[in-house]
Amino acid sequence: MIRISAIDVFPLRLPMKQSFRISQGTVGTISAGAPHIYVRITGDNGVEGWGEARPSPRWSYETPESVCSAVSNYMRPALLGQRADDLAGIHRMMNRELAGSLHPGQPIAKAAVDTALHDLIARSYGLPVAALWQTGSSHPVRLSYLISTDSPEEAARKAREAVAEGYTGVDVKIGLNPANDLDIVAAVKQEAPKLFFRVDANQAYRLTQAIQLAKGLERIGVDVLEQPLLANQLHGHAELRRKVSIPIALDESVWSPSGVLEALRSEACDIIVIKLTKMGGLRGAKLCGEIARESGLGLLGGGLTESKLGLVASAHLFRYLELTDPVDLNGPMFLKDDAVEGDWPIRSGEVILPEGPGIGCRISESKLQDYAADAT
Ligand SMILES: [Mg+2]
């Protein structure tokens, strides 16, 4: 039995090499960097586990300040002294301290704690984190190349880069300027006709616009349209599905196993986007993925531009779930550095997973200091 003896929170501001926008606005810039919070949990056996939260207030309501407060002021008092290897019990306690309403309360903060505990438990056993799930999967984890611009010329240039760098999929963010979305998508298709093609609207459309958009995307040859309507519009997405044939994926609409079931009952999507952060960590994301798969839904993987720590944790899960289409783990495309030692574990658009114990990332104490930020 391993008990939790310390929980430490490290708010960071990581440097970016390119700014990143979605339809709701900017989520990180070269001048200001991006907020990431690392969480370290130490067991009474002396082993440390690490997890990451990457709040994006333009994507959902959590902020760097709310993550630090949630972990330091609510979870830490409840979890110190508890069994680190009782993940079901830990999640019950976290959900009691920060209750959910329409969806689980503060899932990004809980994800950092959940990930750190998976790391701690697996390290204590001397095993890679995926061994906790009794899997022998060696499925490749391929990445999509993310394109976020309102210029068709820039989109075409990035699509050429994606092909040249060996990526097998692209993800185009639309809704930044809806008037030229189809021009951007067509420019990418022309330069990368064979790549898996995912288009993510991040809730930018209303139903009548989305029907027109989806028909245009079908003509161009897009493989999936993600979250065209507001997160709470399951019936709108169901109506859209009845009118068009392009597969519809839900991301911001689905945060939990009950959300997967509600989307299924509403016939609102063909595909669920699995993300460790929004689903409260590896445990919730794994459960959502398994329920969706057993129910006949497709799965796509994604992230919120986490640094290498969150990226590798997600990649372990996506390998376990054997996701076939390229996943959105795009932190390295935007971040200049993070607090993990070593190079980016990516070659030709594929994540090279570490084989060491736990998640497999070593954290640099000096970089934690270099990138320390105030989040009070
Ligand atoms: Mg998305």
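Quick reminder: no glycine exception, Cβ is built from N, Cα and C everywhere.
Summarising the annotation, TrEMBL assigns domain 'Mandelate racemase/muconate lactonizing enzyme C-terminal' to 152-247. Feature annotation from TrEMBL assigns active site, proton acceptor to Lys173, Lys275. Residues or ranges marked as Mg(2+) binding site by TrEMBL: Asp200, Glu226, Asp251.
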Count of other CB atoms lying within 10 Å of the CB belonging to Lys275 (active site, proton acceptor): 29
C-alpha spacing of Lys173 (active site, proton acceptor) relative to Glu226 (Mg(2+) binding site), in angstrom: 9
Listed binding-site residues (Asp200, Glu226, Asp251), ranked by Cβ neighbours within 10 Å, top entry: Asp200
Three-state composition of the domain 'Mandelate racemase/muconate lactonizing enzyme C-terminal' (152-247), taking helix and strand from DSSP: 51 helix, 13 strand, 32 coil
Nonlocal residues around Lys173 (active site, proton acceptor), in sequence order (Cβ under 8 Å, 6 or more apart): Arg21, Ile22, Ser23, Leu146, Ile147, Ser148, Asp200, Asn202
Residues within 8 Å of the Asp200, Glu226, Asp251 Cβ centre (excluding the Mg(2+) site residues themselves): Arg198, Val199, Ala201, Asn202, Gln227, Ala249, Leu250, Glu252, Val273, Leu300, Gly302
Taken over the domain 'Mandelate racemase/muconate lactonizing enzyme C-terminal' (152-247), the model's mean pLDDT: 96
Entries of Lys173, Glu226, Asp251 (recorded positions) sitting next to ligand 1, with Cβ under 6 Å as the cut-off: Glu226, Asp251
Lys275 (active site, proton acceptor) versus Asp251 (Mg(2+) binding site) - Cα distance in angstrom: 8
